[in-house]
Amino acid sequence: MAGIVHGILFCGLFGLCWAVTGSRIYPASEVTLLDSRSVQGELGWIASPLEGGWEEVSIMDEKNTPIRTYQVCNVMESSQNNWLRTDWIPRSGAQRVYVEIKFTLRDCNSLPGVMGTCKETFNLYYYESNNDKERFIRETQYVKIDTIAADESFTQVDIGDRIMKLNTEVRDVGPLSKKGFYLAFQDVGACIALVSVRVFYKKCPLTVRNLAQFPDTITGSDTSSLVEVRGSCVDNSEEKDVPKMYCGADGEWLVPIGNCLCNAGFEEHNGGCQACKVGYYKALSTDAACSKCPPHSYALREGSTSCTCDRGYFRADTDPASMPCTRPPSAPQNLISNVNETSVNLEWSPPQNSGGRPDVSYNLVCKRCGSDLTRCRPCGSGVHYSPQQNGLKTTKVSITDLQAHTNYTFEVWSINGVSKQNPGQDQAVSVTVTTNQAAPSTVTQIQPKDITRHSVSLTWPEPERPNGVILEYEVKYYEKDQNERTYRIVKTTSRSADIKGLNPLTAYVFHVRARTAAGYGEFSGPFEFTTNTVPSPMIGEGASPTVLLVSVAGSIVLVVILIAAFVISRRRSKYSKAKQEADEEKHLNQGVKTYVDPFTYEDPNQAVREFAKEIDASCIKIEKVIGVGEFGEVCSGRLKVPGKREIYVAIKTLKAGYTDKQRRDFLSEASIMGQFDHPNIIHLEGVVTKCKPVMIITEYMENGSLDAFLRKNDGRFTVIQLVGILRGIGSGMKYLSDMSYVHRDLAARNILVNSNLVCKVSDFGMSRVLEDDPEAAYTTRGGKIPIRWTAPEAIAYRKFTSASDVWSYGIVMWEVMSYGERPYWDMSNQDVIKAIEEGYRLPPPMDCPIALHQLMLDCWQKERSDRPKFGQIVSMLDKLIRNPNSLKRTGLDNSSRTNTTLLDPSSPEWSQVASVLDWLQAIKMERYKDNFTAAGYTSLEAVVHVNQDDLTRIGISSPSHQNKILSSVQGMRTQMQQIQGRMVPV
């Protein structure tokens, strides 16, 4: 390497001037062991021979600092062997060192007469030794490193042009093992000057990588070796993965592995970890920076791992440090109670302040209190809560199995994740209620006191929960083989009864139920006893044979009469109990509350005063209009009677400009409702008659009418749930029937549903005008008859009875099982009447159990005496609920039917459709045209054979769409059969 360097000139042996640069800054990866230019004074290296060989010469650098060099130029003589040895150089742990030589060399061709003796190379040697005081050069001990040749040599011309050509050569030496070594330079006849000699080794310098510190590390013994080095985490940090790096032979760090993370309370800054500032925190050892304290918390010192919550705020054990501090919620709002006999429904609104947390739930505390509302104690385990008592996520709960005529205090607590850290009464709201009188619980045991040939004396204990004063007991009994088809009832005010007139040696089944002012409880389970064969002393021992003969003959005649009566009874109806039933009905009405028609009062206002409670209009707050009724608007609102909790109510208003007759008809419904008290009958809260508008106040039913509710929730309920709905409606109708009240307008639209899915019979205005009802026709008593729901005898002869209500109940069953479908679809009223007269009945809805459709058909018996009573309907539904397997069989078993089902009017006329697409468009199912085409249903003849499995297979999965398509298919199939003369109604 040659260059022009400006500096101090040195004129040497050859008349050549060098410009030499001063001290250099070397890379951090190089550690110098010897640098001839940095030595102050003479180098004092050993030369051999001492004279005539290497000669030490001083030059000045640009800073006038002397630099010692060695030169030799014995080119005129042959066989030169001039050695120059450095002082002992300590190895300092290095296994491989590097020798950097800067020198100049004279071109032999530029010297005359030296062609045979002038050389242009020299040799470099080293010798390892632990002795730093060796005085002599023993050539045989030295190991040759290399022969050094110049890249550029200078000539006489260069001297004249003041150009110096400086060469730099670097050689590595190793591996070394002893404490130190000597370097030696052998001249064999060259004209050479050693400007500088530098010996160094390489290291990987101290560094910090990934928060791990790696120390100075000497490179390996081989030029390709890598030295593995484990780092140590910097202060205030910890290992995540073991930090490692490799030191390469060139002094570079390679392949960083692993890392350290700043401890909690510290963050990375300039390769180190510094403490979080005041107001900041870091909870974990991560690579994240410190975070500002979340809301409602603070940190007063540096290096905080968490923030302290403000006064009144807390952090749950499971809350992360990044979550704001929160506080317990405020109390629930707007707690409303609704007492239903011995059950209470509670509803409330969420707390105004959730405490800043999303995990608000509710706990319920139940206390039973004395008459003065003191000495309260926990309700105990006998009370049941639905869905649960604690951890409620909803804002409503039902409490059942309470005691009648008892004061209860219910506390609803708002709870969140920090409530335990600061419980307080301000998180709860309470309400005190008094339960009503309820029907008694079931009699659990019946014991025979005396059994004879023709009688049984029974006794039983009082029900466990009488829920009031027991007014009487009712004993139902029947012969075991009659299976409750024909039964008798005996009533008594004591807990015993003598049942007489029984057949000898016959098994009888007995049931007992109790009655309070709230009504009858459930019948007990069956208890079976058999009369014995011991004859009763009816004939004295001294009776004459004639008397005995007459007695026997009379007995035989009596048996024949009873058998004949039984056969006739069976022929009349499978449900009717013939004359006995009529007698029983008269007997049942004795001592039972009976409905009073308000229209029989000379002064209709007297009926209102007697059966409805007057409410001050100031207690009522109307919130919004939810519908329009016959006489005015129907609104929702709130009722707050002094001393009681505020409740939601429905409010019917009488429009302005009414006549006296309209007012009387409007309030007559309140006079009717006020006589009823049953969980499945809409409850009248009261009336407002002393100011305008006149209002009727009833309980509020959140889910509205049953038909709309079912259509909105199509397919969402199980069969058991639907049967439960029917059972509730049937129970309410049984109550009305027992009170001798005929509803006349029983339909799903007149059944209301509350938030707990309890269905209640409403709309007791059939005896008034119904001219605004689109379902009505045929005026009766100023009103109209809803043809589709009304029994044929009521349509033809205006004969409304409980039996006609049973017919309507069968239609309601069909509405429920079809999820609110319109009975008889789009048929006209006249077509409906004609079809019923011809014996047609509605087909079973999709997936309707056979047992339920059979009950519908029983309700639609032409002879009203053949229809079941509501008590029998409720009993049958109870049996179905207790035996769910009986509800699994669906479909229509035509062999067991006496009536042919109706056509489905949703099916287009067979003659009016020419293709599958026409048919699908007619029933508004054209979206499935590609499904039918892809499956090969290209003709109507093929479509009429499709079934539910086929629809599922071709990709039609919606139950309601399957129902609609299959109903239309059934209708088309029936039309085809009619056209072919094969369908004849029975």
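In case you wondered, yes, glycine gets a Cβ from its N, Cα and C as well.
For 1-20, the entry in Swiss-Prot reads signal peptide.
According to Swiss-Prot, the feature topological domain 'Extracellular' maps to 21-547, an assignment based on sequence analysis.
Taken as a whole, the domain 'Eph LBD' (30-209) shows an average pLDDT of 87 in this prediction. Look at Swiss-Prot and you will find 30-209 tagged as domain 'Eph LBD'.
Break the domain 'Fibronectin type-III 1' (328-438) down by DSSP state and the numbers are 6 helix, 51 strand, 54 coil. Per Swiss-Prot, domain 'Fibronectin type-III 1' is recorded for 328-438.
According to Swiss-Prot, the domain 'Fibronectin type-III 2' annotation covers 439-536, on the basis of sequence analysis. Helix, strand and coil content of the domain 'Fibronectin type-III 2' (439-536), in residues and according to DSSP, is 3 helix, 42 strand, 53 coil.
According to Swiss-Prot, the feature topological domain 'Cytoplasmic' maps to 570-986, an assignment based on sequence analysis.
Here Swiss-Prot flags 620-881 as domain 'Protein kinase'.
Counting every protein chain shown, the number of other Cβ atoms lying within 10 Å of the Cβ of D745 (active site, proton acceptor) is 26. According to Swiss-Prot, the feature active site, proton acceptor maps to D745, an assignment based on sequence analysis.
Here Swiss-Prot flags 911-975 as domain 'SAM'. Across the domain 'SAM' (911-975), DSSP assigns 45 helix, 0 strand, 20 coil.
Here the listed stretches are 328-438, 439-536, 911-975, and the one with the most C-beta pairs under 8 angstroms to the domain 'Protein kinase' (620-881) is 328-438.
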